[in-house]
């Protein structure tokens, strides 16, 4: 009987110890959970998948366009040997169109990348950078348009000066040469104010010490096209401005109007087209700003919907 009583006491003691261990373990787990941070959602706010992937699609097109422009610009520099000898950049005269292509491509690449990653990762910083940059570009475009309208004479003088400087560098850069030829052919014009502007170029001027075969001539893009010839005559402008030769006695007729007067006449006639292009670009930018701001608002609302 004593042996049985001892066993009961022993079992009871073990049970008490097990109960105490279990209680201590529960207290430990409760304390650990109490000091652990939990986020509790108390609102139904969520990020709109529609706006998120619309912004991503918008920016992937933006980014791919930037990649294409960068590739074209680098290819053009490669053709001119600039990539093999980077010092040639400093020796280029006049306006190199590749600069503009590379600049626009770089801006589109950076903004497109920031917008894509910001939309996918729901990154507020990248979205703010993208949105702020688009807003800045939009207001810069608006400011340039307003200033160009208010100071038309100043803009006309700067365009004339720009055109004349590039006439001087016509033979120095193949891209610049192609740009001027395309401009003259498309607008049926010659020079800035007229054919005599080609006296500014060392190959086409009429000075006595000019031994070039192109002396007193104009580029072939100044010649009026001959429907009977299927092949472009690149020598059609030779001797077109020799002293004593008038527009009626030239062997090959050339455009008599300068490109600046032609462009000044073209702009009022096509003002609705120009306005439509600028309006379309502005609407695309405003649409991108709207998507970015909406997505940022959704992300902020979701973050505000959680508390510790």
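Positions of Cβ are set from backbone N, Cα and C atoms, glycine also.
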Per TrEMBL, the range holding transmembrane segment, considering 97-120, 169-192, 193-216: 97-120
Transmembrane segment according to TrEMBL, located in which of 127-151, 227-251: 127-151
Which of 50-77, 127-151, 271-292 contacts the transmembrane segment (97-120) most, counting Cβ pairs under 8 Å: 50-77
Non-local residues, at least 6 beyond the ends, that sit with Cβ under 8 Å of the transmembrane segment (127-151): 59, 107, 111, 114-115, 118-119, 278, 281-282, 285-286, 288-289, 292-293, 295-296, 299
Same chain, 6+ residues apart, C-beta under 8 Å of the C-beta of residue 189 (disulfide bond), given in sequence order: 183, 255, 257, 258, 259, 261, 262, 263
Separation of alpha carbons, residue 190 (disulfide bond) and residue 222 (disulfide bond) (Å): 5
